[in-house]
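Written out below as C-alpha cells is the structure these notes cover.
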Amino acid sequence: MDYKETLNLPSTEFSMRANLVKKEPEMLKKWKEMDDYNLVLKSREGKPKFVLHDGPPYANGNIHIGTATNKILKDIVIRYKTMRGYYAPYVPGWDTHGLPIEHRVSVEMGEKIKEMSPVEIRQKCKDFALNFVNIQREQFKRLGVRGDWDNPYLTLDPKYETHILNIFKTLVKNGNVYRGNKPVYWCPTCKTALAEAEVEYHDHSSPSIYVKFKLIGEENTYVVIWTTTPWTLPANVAIAVHPEYDYVKIKVDGEYWIVAEGLLNKFAAETEINYEVVEKFKGKDLEYKKAKHPFIDRESLIVLADYVTLEDGTGCVHTAPGHGAEDYLTGLKYNLPVLSPVNEEGIFTEEAGKYAGLKIWDANKVIIEDLEKLGALIKTQKIEHSYPHCWRCKNPIIFRATPQWFISVDKNNLREKVLEEIKKVEWHPKWGENRITAMVKERPDWTISRQRVWGTPIPAIKCKHCGEVFIDEKVIDSFITIVEKEGTDAWFKLPEKEIIPEDVKCPKCGHNEFEKTYDTLDVWIDSGCSFEAVIRSKGEKFPVDLYLEGDDQHRGWFQSSIFMSVAHTGQAPYKSVVTHGFIKDEHGRKMSKSLGNVIDPKEIVDKYGADILRLWVSSIDFFDNIRVGKNIIQQQVEVYKKIRNTLRFLLGNLSNFTKNDLVEFDKLLPLDKWALGRLQEVISQVTEHYEKYEFSKVYSLINRYCTVELSATYLDILKDRLYVEAKDSIYRRSAQTVMFYILDALIKMLAPVLVFTTEEAYQLSPLKEFDTVHLEYWPQVRKEFVDEKLMEEFKILFMVRDDVLKALENARKNDIIGHSLDAKVTLNGVNEQINNVLVKYKDYLEEIFIVSQVEIGEGKVKGEFANVSVEKASGEKCQRCWKYSEETGKDEEYPNTCPRCAAVLKGLRK
C-alpha cells in the first residue's frame, strides 16, 4: 500500500516562487480600486493621531536610491503606527521652486533662454517641475509607499505660497529681515547667491602663495601673509593678527619679515629660508600699523582677530571684507571699506584695474606673475584642499559682497529661542541634537535672496526718486491677496500700481513712485514653511510627531523649519527627529557614474520586486552611513526566500484549519506551549524595536526567528505530527493552533516592510478578517500564553538538544545512522536539575530530537548539558512515518506500519 495518500501533506496557493515583479503591480491596482489610503484612515477615525510630516524632495529628476530609502522608511513608520491603532495620515510633498529646477531648464533651453521673459522661464520651470512630480509620484507608488498621492503639497501651489509670504511678513514685522552689502556664497556659473545649506565641499586644487606686504614706517620690514585665493588680493584692505599670539621679526637676506612664532618652523621649511630671530612681541602690539599693498596704491591696516589660528600660513591673515564672512565682521569693527571688484559671472570689474575683464580663476596666474615681478612673492605651490562648490552645478564658488536680503538669526533672541526648542525635541540618534545645536550656534545670518526668477518673489520695492530698496508690510498684504487668486507669477506680470497700495511712502525720502525688484526667496524658506502650509493651516496636530530625513538636513530642512516655526509660532514644528545616513556602495565609496557603482532603485524593483528593496531598507542600521550593492541586494533575495518559505510552510499546513479548530492553551502539548510562549517574547521584542525606529533589529530578529527557531527547529519537529497524526487529532490541532498564532503575528509584524508579500499571504490565510492586511491591528502580547516554569524547562531541553544534535552528526559521519530517525539516543543530564527535566518530558524527547527512540540512561559522550550515546534504532522502519519500532509490521490490516500509524489509519488515535 502507498501510504503517501494517507498523509496530511501541505497545500497552498502561496507559491514558492514569489514572482513579485508580476504580482506587485496587480496588488497596487487592487489597492487603488479599494482606495486603500482613505479606507485605512477611515478605519482609524477617532483614534489618537500620529503625524509624520514629509520633507519634500526636489522635483527635478527620477528618484534615486536615497529618496527611495527615505520614502520606504517613512512608509514603514506610518504603516506600523496605523497597525498600532493610530490615525496616521501621510501627505507627500515636493519642493518645486529654486535653482536645481531653473538650472535644468536653462541647460535644456540653451541660448533660447536669453530671449525669454521671466514669466516664460517660470512657466517652463513649472512644467518641468510638475512633470517630475508625476514621474516621481508613480515611482514612489511602485515602491508600495501608501499616501495621499492625489493631494500632495507642492511649494508652487498659490495657497502654499501665501503661507510662505505670511511667515515672511512675520519675520519682517519682527525686524528679522534686513538688507545688507555683505559677502555671501556666490556661484559664478549659476549667477546667484547661495545659502550655507546649498554648499557642498569637494577636493580642489588651488595655488598656495606667501606674499610680502611692506610695513610703513619701518625700513626694510615686511608682514608676510599666506593665501590660497590670489584673486582676492585686489580687494585686500587689511592684515589680521591674533592679539595674544607671539610674533617674531626675522632677518632674511637683509630684510625683516614678521610671522607668528608658532608657525615659524613650518613657514621656514616650506619656503626654504635661512633666518635669524631679531625681535619678539605680541600680536596686539601690531594693531593699527599699516602696510603697503604690493601692487595697488593703497594701505592695508593691521587689525586684531581671535579667529586667526596657528594651523597654516604665517599667523598674518590677508583680509578682504568683500570676500569673506570673518573678514567682513572684522571690517565692520575697524570701519574698513568693502571691496568686491567681481561681477555676477566671476569676472573682474573696472574697479580691479589692470585685471578688469579677467575671470577670477584665470587672474590667479596673472596676479602671481605680477607679485613675482614686484619681488613680493616668497613662494608659490599647488595644494589640494576641501573647497566649497555649488550644490547644483558642482562648480567652485566664491565669497562676493553684493546687496542681499538677510534674516538676522539673533534679532529678538531668535537663535537662543531655537536652541531652547532643540533641547525639547527627541533626536534619533541622540548625537543629532549636538550636531544641529553646534550648527545653529555657529551659523551666520541667513542669506535669503536669490538672483533667479523661479521662486517665491521677495516683495521688495525700489524708490524711483532716491533708489532706496525696502519691504513694506502693506505691499506684502496686497501681494498675498493677489497670490491667492493668481499665484506668484503676478509679481512678474502685473504693473506696480496693481500691487503697491497708493499710501505706501519711501521711508527714506517720502516719495511714492516705485519699481519692483526681482529677487526670489531661498527655497529653504519655501520648504521651511511647510509646517504652516501643510499642518497648522489645516488644523493638523502641531507640533507634528516626526520629521524623518537624511542627516544632511540638520543644516537644511530641520534647521530652516525650526527657525521659521519658532519665529512664527514660538515653538519647534516637530516632537521627534529621526535621521538616516548617506548611501554608499558596498565598499563604502560614494556612488558616482564614473565609478559605475550607482544602484538604481528601478532596476532592483524591475528585477526582483519592491519588497526586496523594502527588505533591504529594513535591514540597514540607517542611523549610520548605508551601504548597498548588487551583492547586498542578492543577500536580501536569499533572506526573503527563507521568510517566504516559512510563510508558505505555515499556510500549507493550515489549509484546512479555521478559528473553530483552535485548542485552548491548557490543552496544548508542552512543545506547543513553549512555542506560543516564545512567540510572545518575539512580539514584545519586535514591537520595542519598531517603537525605537530600529528596523534593522526587527529584520535580524524576524530573520533569525524564521530560519533558526521556526524552519530549522520548531517547524521541523512538527512535521511528524502535522503529516502523520490524524487530521483533527489533538496532536495535530495543538500544533496548528500555535502555527495559526505564529502566522498571524508574522504576517502582521512583516506587513509594514513586506507590504506585497504579506498581502498575498493574508489573502490565502485562515486569519483573514479584512479586505486587506493593512487594515489589521498589531499583534498583542498575551501573557496568558506564557508558562514561565515551562519556558525555563524548555530552555534546558533545547540546550540538551544541541548536545544531542552534535552526537547525531558524529554518528552520521561514522556511518552509524543516515537520517536522525535511524537513531536511538541514550542520555542523562550532567546535573540533577537537567535530569529531572529530561525525566519529566521523556515522552516528548523522541519528537524534540527527531529520533525514533530515546532512553534515559548513561550516555557515553560527555556534552555541555548532557552525556549522549547514539546507536542504530532497534526494530523495523515504519513505511508511513519512517520511525523505527520493534512493533512495526505486527498489524495485519496495515502491515509495515508502526502501532501509532496503524491506530491513526484505523481512526483510533484522536
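Every residue, even glycine, has its Cβ placed from backbone N, Cα and C.
Under the heading motif ''HIGH' region', Swiss-Prot lists 57-67. Sequence annotations record features per position, and here Swiss-Prot assigns L-isoleucyl-5'-AMP binding site to GLU549. Positions annotated as motif ''KMSKS' region' by Swiss-Prot: 590-594. The feature ATP binding site is assigned by Swiss-Prot to LYS593, with sequence analysis given as support. The annotation Zn(2+) binding site is assigned in Swiss-Prot to CYS878, CYS881, CYS898, CYS901.
For LYS593 (ATP binding site), the Cβ neighbour count at a 10 Å cut-off comes to 7, with all displayed protein chains included. Residues VAL724, GLN879, ARG880, TRP882, LYS883, SER885, THR888, THR897, PRO899, ARG900, ALA902 surround the recorded Zn(2+) site, their Cβ atoms falling within 8 Å of the Cβ centroid of CYS878, CYS881, CYS898, CYS901, which are themselves excluded. Fewest other C-beta atoms within 10 Å: among the binding-site residues CYS878, CYS881, CYS898, CYS901, that description fits CYS881. Listed in sequence order, the residues of the same chain lying 6 or more apart from GLU549 (L-isoleucyl-5'-AMP binding site) and placing their CB within less than 8 Å of its CB are GLY55, ASN70, GLY556, TRP557, PHE558, THR579, HIS580.
When secondary structure is read from DSSP and collapsed to three states, CYS901 (Zn(2+) binding site) falls in the helix class. According to DSSP, the motif ''HIGH' region' (57-67) comprises 3 helix, 1 strand, 7 coil. This prediction places the mean pLDDT of the motif ''HIGH' region' (57-67) at 90. DSSP classifies CYS878 (Zn(2+) binding site) as coil under the three-state reduction. Secondary structure counts, DSSP: the motif ''KMSKS' region' (590-594) has 0 helix, 1 strand, 4 coil. With LYS593 (ATP binding site) as the anchor, the candidate binding-site residues are CYS878, CYS881, CYS898, CYS901, and the one with the nearest CA is CYS881.
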